[in-house]
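One structure below.
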Amino acid sequence: QIFNQHNAEAPNLEQASHRMAQMEPNLDHDVSWFLLPSYWAKMVVALISFLCFANSYDGDFVFDDSEAIINNKDLRAETPLGDLWYHDFWGSKLSSNTSHKSYRPLTVLTFRINYLFAGGFYPVGFHVINIILHCTISVLMVDVFSILLGGLQFSNKGRRLNLAPKSSLLAALLFAVHPVHTECVAGIVGRADLLCALFFLLSFLGYCKAFRENMVCFILTGKEGHTFSVFWVLVSVILGAIAMLCKEQGITILGLNAVFDALVINKINLLDLIRKLLYKDKSLENAGLLRKGLLFRITLLMCGGASILYIRWRIMGTGPPAFTEVDNPASFADSLFVRAINYNYYYSLNAWLLLCPWWLCFDWSMGCIPLIKSVSDWRIIALAALWFCLIGLICQALCSEDSHKRRILTLGLGFLIIPFLPASNLFFRVGFVIAERVIYLPSIGYCILFTYGFSLLSKQAKKKKTLAVAVLGILLINVMRCALRSSQWRSEEQLFRSALSVCPLNAKVHYNVGKNLADKGNQSAAIKYYREAVRLNPKYVHAMNNLGNILKERNELHEAEELLSLAVQIQPDFAAAWMNLGIVQNSLRRFEEAEQSYWTAIKHRKKYPDCYYNLGRLYADLNRHLDALNAWRNATVLKPEHSLAWNNMIILLDNTGNLAQAEAVGREALELIPNDHSLMFSLANVLGKSQKYKESEALFLKAIKANPNAASYHGNLAVLYHRWGNLDLAKKHYEVSLKLDPMAPGTKENYNLLRRKLEQLQKKGG
């Protein structure tokens, strides 16, 4: 009888839960959109989000990927795992003055795992993980939007109900296909934002689980429960901490959880609460804040957040990150008015990127957005438009008599603004003007507001299908834009060139295009872009350094010296420019100045193997052989795989008759770099002079196998055979050498000597 009674009551309880859910206004009533079962809705979102960014899977490492991944020693097995907790995102020590203080050890750990499983720096695995993460986040957004748009309700069995399936699907699709997310997904360093977003959402969903028992109690008894799970609140705090260890924005979820608790769980009217606080209304005691445990939960969230921030502060140190004026010019403005007005202009541009993500750029610094310096600047209109919209939305969120409208607008604004605060320059200076990646989380708020606006239009529109088709068109355009933008992120050449039309005043864009061309050997075109970068930003020392390098290689030494001298004058601690200036001065035979420049470079960068190498070349030119050997030895100590320094030591010792020492250095070098054919060649020459013909022959043949088109390798092997008396093989390799390089010095003379000798032997034999 008990069993039957239980079964008879269960449907009533299930119906009661749905009736309770229907008591509140439902956004889906006004939305003309597709209604799919939860499983199919998530499958559709996953598939479409995958299609948007699938073509980025086999892209290269581009832009910041080089520093964060390829040049980051924290990814290598030889770096202890414990070091990740004391290094920044780029592999520098957090205690260093040059550190950007971007503390993201868990993101770096995933890069390290990628590197380990791939067996090296192969970008495919890195890209695939990013795509999977975005698809997972987009699927989770279906659940998150169902709560934010439809409210938090559970069935009597504790299963969460989706009260806004159409609205949550639309919002999740908007999020999944937003083109501004391309940087996070197609750019590998965007992994930080993706991981942060994943744990950010899990923290929110975990916080919602804390109220499951309370909701079920209300369904079963009809009375509002006062219970909540402290366990799930603490889990939410831990997940928020994990989100912050992926990227700094993650900590903001704790604030959003508190806002959600106040608005959805406690149904607080913020305007009424503010009035009561201002007028010290005694009815505040009966507001239910203490009874429902809101203050206790907020205390837990605040204590958790404060503890996380304190630990992070202790690890990273008290010093602020070091940024330059070109990174964020508004933050260096002397006038508070100029700073404030430009910060607000940046906010309006971020909002515009959410509304119309057509003009996207990998970098918005260095003159891309000129400073607003007076109220007569027409761009002030953008600020006015932004605050007009924000104030209007805030007024509606606070003053509307419709509690459902107040809740959705407040949550939308909360998710739009709160995750953006770390990038707002309000609390500390950031190292960028605009960064599309930081809009990944705030776009959640945009999707809420867009969906709510669509529901209002649907409610008023007579032709709802036409409106739905228009929104479908927006989604389709965004999918196409994502695919196009993803293809631009596949290579640096496409990425940098795509920015020329968006930010033609950005010196860094021209610099990167020039660098990409220079790396491909197109120096003439590179010079053009480097000159434009310097014209746009006369203090751009990196562009001056690279341009000076190219001019040095083209033997335009005087202009190269002018550029490099200006670079070190602007930035006296620019070690690379000092070294390059020394190379130019050495070429101009101003040896004392060159030596001084090299030592200045080493003073500013203690571990600088390339500078020691060039210093050694200077000493060798001055016949200061011992100093040259010491400089090259320092280079190999700092960088054991420095092949050029090893080679020069072997050659100098060989040329000065120190064959035994040259042989010892050569063997030491080959132990460290066993596959370097140039070292094999140099050591083979030494062994040949020491009459160790067999060993010398083996090294020559090994070097030729590695580099068969080196004329000098065949020529010197021919000399070895000539000395050894193996004249036929000598003749063969002389001929190969002359075929590869008819002008090879000495080879033709040696070949003619050999031919005369062979002719003499034939005459004697005849």
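Just so it is clear, glycine is given a Cβ too, placed from its N, Cα and C backbone atoms.
The domain 'DUF1736' annotation in TrEMBL covers 319-391.
The repeat 'TPR' annotation in TrEMBL covers 507-540 (among others). Here the repeat 'TPR' (507-540) returns a mean pLDDT of 93 for the predicted model.
According to TrEMBL, the feature repeat 'TPR' maps to 541-574 (among others). Here the repeat 'TPR' (541-574) has long-range neighbours at 507, 510-511, 514-515, 518, 523, 526-527, 530-531, 533-534, 580-581, 583-585, 587-588, 600, 604, meaning same-chain residues at least 6 beyond its ends whose C-beta is under 8 angstroms from one of its own.
Taken from TrEMBL, the feature repeat 'TPR' covers 609-642 (among others).
The annotation repeat 'TPR' is assigned in TrEMBL to 711-744 (among others). Broken down by DSSP into helix, strand and coil, the repeat 'TPR' (711-744) contains 28 helix, 0 strand, 6 coil.
Listed as Cβ neighbours of the transmembrane segment (33-54) (distance under 8 Å, sequence separation of 6 or more from its ends, same chain) are residues 130-131, 134-135, 138-139, 141-142, 162, 165-170, 172-173, 176-177, 182, 185-186, 468, 471, 478-479, 482-483, 486. According to TrEMBL, the transmembrane segment annotation covers 33-54 (among others).
Per TrEMBL, the feature transmembrane segment maps to 131-151 (among others).
What TrEMBL lists as transmembrane segment is 188-207 (among others).
The annotation transmembrane segment is assigned in TrEMBL to 228-245 (among others).
Taken from TrEMBL, the feature transmembrane segment covers 251-274 (among others).
The feature transmembrane segment is assigned by TrEMBL to 294-313 (among others).
With a threshold of 8 Å between CB atoms, the same-chain residues lying at least 6 positions outside the transmembrane segment (380-399) that come near it are 270-271, 341, 344-345, 347-349, 351-352, 372, 405-406, 409-410, 412-413, 449. The transmembrane segment feature in TrEMBL is assigned to 380-399 (among others).
Taken from TrEMBL, the feature transmembrane segment covers 411-432 (among others).
Taken from TrEMBL, the feature transmembrane segment applies to 438-457 (among others).
Nonlocal intrachain contacts for the repeat 'TPR' (507-540), taken as residues 6+ away from its ends with a CB within less than 8 angstroms of a stretch CB, comprise 63, 326, 361, 363, 365-368, 492-493, 496-497, 499-500, 546-547, 550-551, 553-554, 563, 570. Per DSSP, the secondary structure of the repeat 'TPR' (609-642) breaks down as 27 helix, 0 strand, 7 coil.
Sorting each residue of the repeat 'TPR' (541-574) by its DSSP state yields 27 helix, 0 strand, 7 coil. Packing against the transmembrane segment (131-151) from elsewhere in the chain are residues 21, 24, 26-28, 38, 41-42, 45-46, 49-50, 53-54, 56-57, 160-165, 167-169, 171-172, 175-176, 181, 184-185, 191, 194-195, 197-198, 201-202, 204-205, 208, 264, 407-408, 411-412, 415, 444, 447-448, 451-452: each is 6 or more residues past its ends and has a CB under 8 Å from a CB in it.
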